[in-house]
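Worksheet: one structure, shown below.
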Amino acid sequence: MPQNEYIEESIRKHGRRFDHEERKRKKAAREAHDASLYAQKTRGIKAKLYQEKRRKEKIQMKKTIKQHEERNATQRGSDAQTQGAVPTYLLDREQESQAKMLSSAVKQKRKEKAAKYSVPLPQVRGVAEEEMFKVIRTGKSKKNSWKRMITKATFVGDGFTRRPVKYERFIRPMALRQKKANVTHKELGVTMQLPIIGVKKNPQSPTYTQLGVLTKGTVIEVNVSELGLVTSGGKVVWGKYAQITNNPELDGCVNALLLT
């Protein structure tokens, strides 16, 4: 037996106090008063955090109460049947029970969709243009300043060809270009180095997505054919999305979590 389970063993051997249930009930009844007293006495940042916590609890409580009310609501359809036959012009009207079922199904689908497209990092720090781009001065007397060099890691495809130097506005240094990512599969618990296919979405800006900038929170598409994943139809999965969880420009590599 583990050394820290002596209380559980004592309960199994000797049982609980004779007034255990009564003490438990009274303690639960006092919780509201204790919470009220704590809310009145607390000051500063602790008070703000506590009020925010209570607000979330109340919102959740209201949602739960609403769900119970919907479940326990009387159904008009059953009342109409008990009162008598339904008129002809009301036969095509949906019963409340059916409407409730449809509503529940729609809510469940929304929850599943939200879970499907949820990402490990829902919020990331914003990156300023000054941090993202470095101004490159050109011209004989270095007066032109319309060129920008990207200071973050980037991805460019195999078929990428640079524009002529005179017309190239955004410069992506070779040292910061990444072609592979260390992708972790959460369910399998393995990490593999997979080739990057493309950049799906950069949370900072659509321009950064177009330029293939890899920052923390960026959703990329990786080649997962090596993992041997198959669809329900038996076809091999070629590409899947993954979200970058580190700062590639600081670490020198791309670490990502596969979105399942």
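Using the three backbone atoms N, Cα and C, a Cβ is placed for every residue, glycine included.
Positions annotated as compositional bias 'Basic and acidic residues' by Swiss-Prot: 53-73. Residues 35, 39, 96, 100, 103 of the same chain lie 6+ residues outside the compositional bias 'Basic and acidic residues' (53-73) yet bring a C-beta within less than 8 angstroms of a C-beta in it.
Swiss-Prot lists 74-84 with the feature compositional bias 'Polar residues'.
The annotation phosphoserine is assigned in Swiss-Prot to Ser78 on the grounds of experimental evidence.
Beyond its flanks by at least six residues, the region 'Disordered' (1-34) meets no residue of its own chain at a Cβ-Cβ distance under 8 Å. Residues annotated as region 'Disordered' in Swiss-Prot: 1-34 (among others).
Look at Swiss-Prot and you will find 53-84 (among others) tagged as region 'Disordered'.
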Open item on the list: Summarise the region 'Disordered' (1-34) as counts of helix, strand and coil residues per DSSP.
Closed with: 24 helix, 0 strand, 10 coil
